[in-house]
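Per TrEMBL, the features are as follows:
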TRANSMEM  12-31  transmembrane segment
DOMAIN    20-466  domain 'Major facilitator superfamily (MFS) profile'
TRANSMEM  70-90  transmembrane segment
TRANSMEM  102-121  transmembrane segment
TRANSMEM  192-211  transmembrane segment
TRANSMEM  345-368  transmembrane segment
TRANSMEM  374-398  transmembrane segment
TRANSMEM  410-430  transmembrane segment
TRANSMEM  442-462  transmembrane segment
Amino acid sequence: MTHKASYLGLRGKRLTTALIVMVVCPAYILIGYNNAAAGGLLTLPSFVETFPRIDTVNTAGKQQADNARIQGTVVALYTVGCMFGSLLCLKLGDKLGRLRTIMIGAVIEVVGAIIMCTSFSLGQLIVSRVVLGFGFGAISATVPVWQSECSPAEHRGALVVLEGMFASCGLALSQWVELGFFFTRGSVSWRFPWAFPIVLALWILAACVFLPDSPRWMVKKGRIAEATTILAILEDLPEDSPDVQTSIHEMQKSLAEMDQGSLLGLFHNNGDRLLNRTFLACFSTFSQQMNGAGVIGFYTTTIFEQYVGLSALTSRILSGSVYTWQIACSFLTIYTVDRFGRRPLMLLGAVGMGAVFIILAGTVGHAADSRACSIISALCVFLYGFFFTVGALGVNYLYGTEVAPLAYRVPIYSLTSTTLWSINFLVVEITPIGFTNLGNKFFIIFAVTNLCIILPVVYFFFPETRRHSLEAIDAVFKGANSPFDVVRRAKKIPSDVVRRVDAIHMVEGGMADERSASPEMQESQSEKAVYQMVEKTT
C-alpha cells in the first residue's frame, strides 16, 4: 500500500472522527438506551398483563413484595450477562481482535433483542435479558480499548467525556421512544422500544467491516506490516516515517513487558504500586454505580409515577426531560474536566448527589399529599442528573484509564468493566425490594454511600491527573510510600513538568514533540526523565 492508502478514503483526524461517529457513538448510545429501556415499560398495562409475575402496580402486600423481588432479578439479569460478556473479552479480545469481538457482540445483541421483543413468557424474557447483556458486555468492554488504541493521546480527556454524552443521548432516546409508544394500544407499546436497539447494533456491525483493527493487536499477533500500514493511516504519515517505526518498536517493547509480568501482579504493591492503581480504577466504576445511578437510570419513570405520585404521561415526559437535561450538562463537563480537574468534579458530584438523596428521602414520602414536596422531589431528580453527569458519568471512565500503566491497561480495564456491571446488578436487583420495604427511606442508603464512602475515598486516595502526562502519573505512583502519599505527590507536580522535560530533550535532540508521538512512544522515551523531575519536586 502507498502513502495514500486509506479507509473509506479517510486518514488521520478525519478517520479518527469516523471511528467515533460510526462505532463509538452508537455503542455508547446503546449503553444508555439499554440501561434505561426497561424502567418506563414496567408499569404499562399490556406489559403487566403479559408478565403478571413482575407486576408491582396492581398488587399489594406479600404478593407485591414477591413480584418486586422477581422484577428486580429480571431487570438486573441484563447486567449479569454484561459482566460475563466483558470477562470473556479478557481472552477473546486478544484472540479474535478488537473488531471481530465487537462484531460478535453486535450479532449476540441483535439475537437477544429479537428474543426480548417477541417474549410471551417470563422464562423467555429472562433468557433474552441474559443474552442481550452478554452481547453488549462484549461491545462495552472492547470498544473503549479499540478506540484508545486507535486515537491520539492528547485528546483522551475530551474523547472519554464525549462518550458520557453519547450515553446520555441513549438514556434520553429510550425515554422519548417509550413516550411516543405510550399512546399506542397493545404490546407494541413495549415491544418496539425493546426492538429499537437492533438498528444500532446492525449499524455497528456494518461499520466494523470498513474500519481498521487495532495496530497494537496486529503487533501482538506478529502482523507487523499490517500494523505499520494501519498506524501510518491513523497518523496520516508515510509508512517509513521515523515516528511510525518508533511507535511500532515501542508497541513491541510494551507487549514484551506485559508478557514478562503476571496478571497476579495487579494485586501486589511493588515499585509500580499496581494494587493501588487497580483499586483506584475499579473504585471509579464502583462509585459510579453506588452513587445511585442504577436507581435513577433504571427506575426514573417508576419513581415519578409510583413514589412521587405523578400521572403516567407526566412521569414519562419528565423522565425524557431528565436525560435530555443530562446531555446539556455533558457539554459543561467537556469544558470543565481539563480546566478544573478530575478530583474537584468527582468531589462536587459526591456531595451534590448525597445531598439530593437526603432531600428525596424527606420529600418523596409526602409527595402524594403535598404539591410542594412533589415539585421538590421532581427537581431533585433533575439536580441528580446534573451532579451525576458532571461528577461521575464520563469522569470516572476517564480516570480509570489514566491511572492504569500502559502494559496493564487492558486487564485493568477488564476488571473495572466487571466491577461496573457486578455493582450495577446489585443495585438494580435490590432497588424494587428496597422501595417496597423501605419506601422513601431507601434513598438514605445512597446518601450514605456518596457522603461517607465515595467522598472520603476520592479526597484521600485519588491523585489529580489533570494536565499530567501518563508518564508523570506513572512517576507519582512509583515513588509513593503509601496510598496517602500519592495524593500529596500529585499536588506538588508542576503543571508544565512534561513540557519542561520535552524542552530538555529537544535541546539534547533526544525526543520528538509530545503532540506528534504515539502513547507508547511518549511513555517509553520520557518516563525516566519525568520520574527524575517529579522526584525533585516532591
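Cβ from N, Cα, C; glycine included.
The largest share of C-beta pairs under 8 angstroms with the transmembrane segment (70-90) comes from 410-430, of the ranges 192-211, 374-398, 410-430, 442-462. Using the rule of three or more Cβ pairs under 8 Å, pairs at least 6 apart in sequence, the transmembrane segment (12-31) is in contact with the transmembrane segment (192-211). Beyond its flanks by at least six residues, the transmembrane segment (374-398) meets 144, 156-157, 160-165, 167-168, 284-285, 287-288, 291-293, 296, 300, 303-304, 308-310, 318, 321-323, 325-326, 329-330, 332-333, 336-337, 342, 345-350, 352-353, 356-357, 359-360, 363-364, 367-368 of its own chain at Cβ-Cβ distances under 8 Å.
Long-range contacts of the transmembrane segment (345-368) within its own chain (CB-CB distance under 8 A, at least 6 residues past either end) are made by residues 287, 291-292, 303, 307-309, 333, 336-337, 374, 376-377, 380-381, 383-384, 386-388, 390-392, 395-396, 399, 439-444, 446-448, 450-451, 454-455, 458-459, 462. Counting only same-chain residues 6+ beyond the ends of the transmembrane segment (192-211), those with a CB under 8 A from a CB of the stretch are 7-8, 18-19, 22-23, 26-27, 29-30, 33-34, 37, 40-41, 99, 102-103, 106-107, 109-110, 113-114, 116-117, 135, 139, 174, 177-178, 181.
For the domain 'Major facilitator superfamily (MFS) profile' (20-466), the model's pLDDT averages out at 84.
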